[in-house]
Amino acid sequence: MSARVDIPADTSAAAKGTAPLIAAASTHVKGGYKKGLAIFDFVLRLGAVAAALAAAATMGTSGQTLPFFTQFFQFEASYDDLPTFQFFVIAMAIVSGYLVLSLPFSIVAIIRPHAAGPRLLLIILDTVALTLNTAAAAAAVAIVDLAQNGNSSANWLGICQQFDDFCQSATGAVVASFIAAGVLLFLIVISAVALRKR
């Protein structure tokens, strides 16, 4: 007496259930770098917020009054004396506000690393923010250079020998704005790499 067991000859991947698991695992390994990029993007955004806020706050609080004055004149330098520095403070405040508002989209990119919508939105708005940041920083650095070195062709003297604290604050703000611009440029590159179909 012998027992016979019939095994169906269906050897398809669906019947075995192994092929989809292998495919899902290989897709996860391939796209795993996108989650790492999204986390790095979030950390860099926090750094850019700090740099942009520092630039706006430092320039916005820069001012110096010389200890000597006459009965009719008081020698004072402040950021609001120059329209370029006013533009700088407003532009860097806008960039700071945008970077804070972009943090939730960066979190969405961490949760859903393969979603292209948030990345595409971030790359477009980061480019606009970088343009505004660079314009403000370039305009401010021209005025800071003029304040430090003057212009011999126009017979303009530098004021930084007298208003050294004001010039140091303005220079620090410009340096912070260029750091924010560099981080924004790096964020654009990260978003472009994450958008690659791979």
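Using N, Cα and C of the backbone, Cβ positions are placed for all residues, glycine too.
Whatever TrEMBL says is automated annotation, not expert-curated.
Summarising the annotation, TrEMBL assigns domain 'Casparian strip membrane protein' to 35-181.
Among the features that TrEMBL reports, transmembrane segment is placed at 42-65 (among others).
Under the heading transmembrane segment, TrEMBL lists 85-108 (among others).
According to TrEMBL, the feature transmembrane segment maps to 120-144 (among others).
As annotated by TrEMBL, transmembrane segment applies to 173-195 (among others). Residues 34, 37-38, 40-41, 44-45, 47-48, 51-52, 54-56, 58-59, 62, 88, 92, 95, 109, 113, 116, 119-120, 122-123, 126-127, 129-130, 133-134, 136-137, 140-141, 144 of the same chain lie 6 or more positions beyond the ends of the transmembrane segment (173-195) yet place their CB under 8 Å from a CB of it.
Same-chain residues lying 6+ beyond the ends of the transmembrane segment (120-144) with a Cβ under 8 Å from its Cβ atoms: 41, 52, 59, 82, 84-85, 87-88, 91-92, 94-95, 98-99, 102, 105-106, 109, 167, 170-171, 173-174, 177-178, 180-181, 184-185, 187-188, 191-192, 195.
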